[in-house]
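K.L.:
So Swiss-Prot has the following annotated:
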type	residues	note
DISULFID	7-87	disulfide bond
TOPO_DOM	1-8	topological domain 'Extracellular'
TOPO_DOM	30-49	topological domain 'Cytoplasmic'
TOPO_DOM	71-100	topological domain 'Extracellular'
TOPO_DOM	122-146	topological domain 'Cytoplasmic'
TRANSMEM	9-29	transmembrane segment
TRANSMEM	50-70	transmembrane segment
TRANSMEM	101-121	transmembrane segment
């Protein structure tokens, strides 16, 4: 049956999708920041672009791996003679639940707080650059001055 395989695969695929999306949005914000704020710098080469994409997927795969590793596919007895199949998280030393909590908190920081800060900073710098930008030839045009 596919139950045990999907028990490990589905949470991993979900986590991987979220993580690679978050990292990709952060990389896009950083690239836009670089292109607008430092527009005279050289372009990123194709090789570097592929390296960044590969790193985004690799880091995402690594960060999502605990979602596949720490799973348990088992029968749970609800009442005598009635069992259900369940796919649950099974962290080592689960009596205190510390590993699952640590993973969740680190995921919150790495996948929400840090990208939010980086993206906000990048777009704030872009906004500041564009707000203070004067187009060539428009410096003496009173219509464009604010």
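Cβ atoms here come from the backbone N, Cα and C positions, even for glycine.
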K.L.:
State the residues, same chain only, that lie 6 or more residues beyond the ends of the transmembrane segment (9-29) and have a CB under 8 A from a CB inside it; answer 'none' if no residue qualifies.
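P.N.:
Beyond its ends, the transmembrane segment (9-29) has Cβ neighbours at 52, 56-57, 59-61, 63-65, 67-68, 71, 111-112, 115, 118-119, 122-123.
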K.L.:
If we count other C-beta atoms within 10 Å, could you say which of the disulfide-bonded residues 7, 87 has the fewest?
P.N.:
87
K.L.:
Where else in the chain does the transmembrane segment (101-121) make close Cβ contacts, counting only residues six or more beyond its ends and a cut-off under 8 Å?
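P.N.:
Result: 18-19, 22-23, 25-26, 29-30, 63, 66, 91.
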K.L.:
DSSP-wise, what's the residue breakdown of the topological domain 'Extracellular' (1-8) into helix, strand and coil?
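P.N.:
Within the topological domain 'Extracellular' (1-8) the tally stands at 6 helix, 0 strand, 2 coil.
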